[in-house]
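Read the structure below first, then the notes.
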Amino acid sequence: MSETTKKYTIAVIPGDGIGKEVTPWAQKALEKAAEGVAEFEYEHFDLGAERYLRDGAILPEEEEDRIKQTDAILLGAVGDPRIKAGILERGLLLKLRFDLDQYVNLRPSKLYRGVTSPLADPGDIDFVVVREGTEGLYCGAGGAVRRGTPNEVATEVSINTAYGVERVVRYAFRLAMKRKKHVTLVHKKNVLVNAGDMWQRIVDKVAEEYPEVSHDYLHIDATTIFMVSDPSRFDVILTDNLFGDIITDEAGAVVGGVGYSASGCINASDEYPSMFEPIHGSAPDIAGQNKANPTAAILSAAMLLHHLGFDDTAASIDAAVEADIEELGSTARSTDEVGRDILARM
Ligand code: IPM
Ligand code: MN
């Protein structure tokens with residue numbers, strides 16, 4: 001390693017359930033890929049269900065400050081059936097996405113050779129969902145009155161700012177320039193006329209600066225049909241926070257299961273670290289059994305490397321994963337076996 005090799009600090013948050021089993025493999029892949037290229041130091045954070053049940057802490061300020069000082073974050077999964085829905089999701093995962101202003105939730109979907117799609121005729125699937133990450137229905141705007149009474153009122157308000165929308169729209173067009181140069185805006189502008197119209201106008205305006213990129217529009221309901229009838233039509237799908245959450249789960253299923261789907265929560269202005277995680281959850285039903293597929297976690301390590309500018313190094317992980325899936329994708333293997341097999345190819 002040369003003396004000029006740059007040092008990076010990576011925050012590792014395995015979290016809950018299978019997150020604890022797959023994240024070590026993401027870290028090992030990162031370590032191996034980075035050998036001789038960059039120096040990575042890892043800072044582990046004990047955050048998630050166990051910690052919360054032990055001492056009530058979800059994301060203490062001092063720990064969040066340390067996370068903010070790192071160069072990137074590897075996250076496993078968050079969620080535990082012993083804890084009321086929303087506490088860890090809002091208090092840990094979404095708090096990080098919001099506080100670190102990770103406004104692009106980047107979710108590629110690719111049908112690898114060797115994977116059986118549930119679709120009879122899937123075609124060549126290779127698209128990326130650019131999901132807005134800091135606004136929409138996820139903001140937490142709303143509340144409840146007369147809770148628990150027959151007259152209860154509950155509201156959740158979708159927040160859409162021109163600033164927040166424009167920055168993610170720009171990201172989508174820049175990304176399309178590096179791909180097949182097509183952006184599909186997905187919304188529900190026939191009903192959500194305020195937000196939908198603003199998204200469309202901003203897309204139309206930004207598109208003028210990218211004459212090489214074509215763009216079209218689909219309602220979210222129609223998108224769910226095309227996702228199973230003609231998924232190879234998509235290149236870059238641009239959408240808001242909640243639509244993006246839903247459509248990426250469907251996309252994961254279409255490419256053979258979320259075990260192959262990685263994601264990045266990106267702060268594209270690099271003001272704070274970006275965070276990389278498999279899109280699957282903590283899967284309590286199979287946790288602790290060495291059954292979970294670590295492939296998505298390993299692919300998120302590759303996305304992390306891409307983000308830090310190590311494109312060739314990232315490509316070495318992608319290639320190992322692709323070769324592994326092609327040869328052994330349909331073989332039943334444990335978490336550790338898949339991890340070892342992928343690393344052996346790097
Ligand atoms: C995801 C998850 C999260 C989300 C939950 C756990 C808050 O479903 O990353 O897709 O809704 O964004
Ligand atoms: Mn989701």
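Positions of Cβ are set from backbone N, Cα and C atoms, glycine also.
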According to TrEMBL, which candidate in Arg66, Arg131, Arg146 joins Arg97, Arg107, Asp221 at the substrate site: Arg131
The one of Arg97, Arg131, Lys291 whose CB sees the fewest other CB atoms within 10 Å, among these binding-site residues: Lys291
Overall pLDDT of the domain 'Isopropylmalate dehydrogenase-like' (9-342), taken as the mean: 97
Minimum Cα separation from Asp245 (Mg(2+) binding site), reported as the residue among binding-site residues Asp221, Ala283, Asp285, Gln289 that achieves it: Asp221
Contacting binding-site residues for ligand 2, chosen from Arg107, Ala283, Gln289 when the Cβ sits under 6 angstroms of any of its atoms: none
Which of Arg107, Lys188, all recorded positions, has a Cβ with the fewest other Cβ atoms inside 10 Å: Lys188
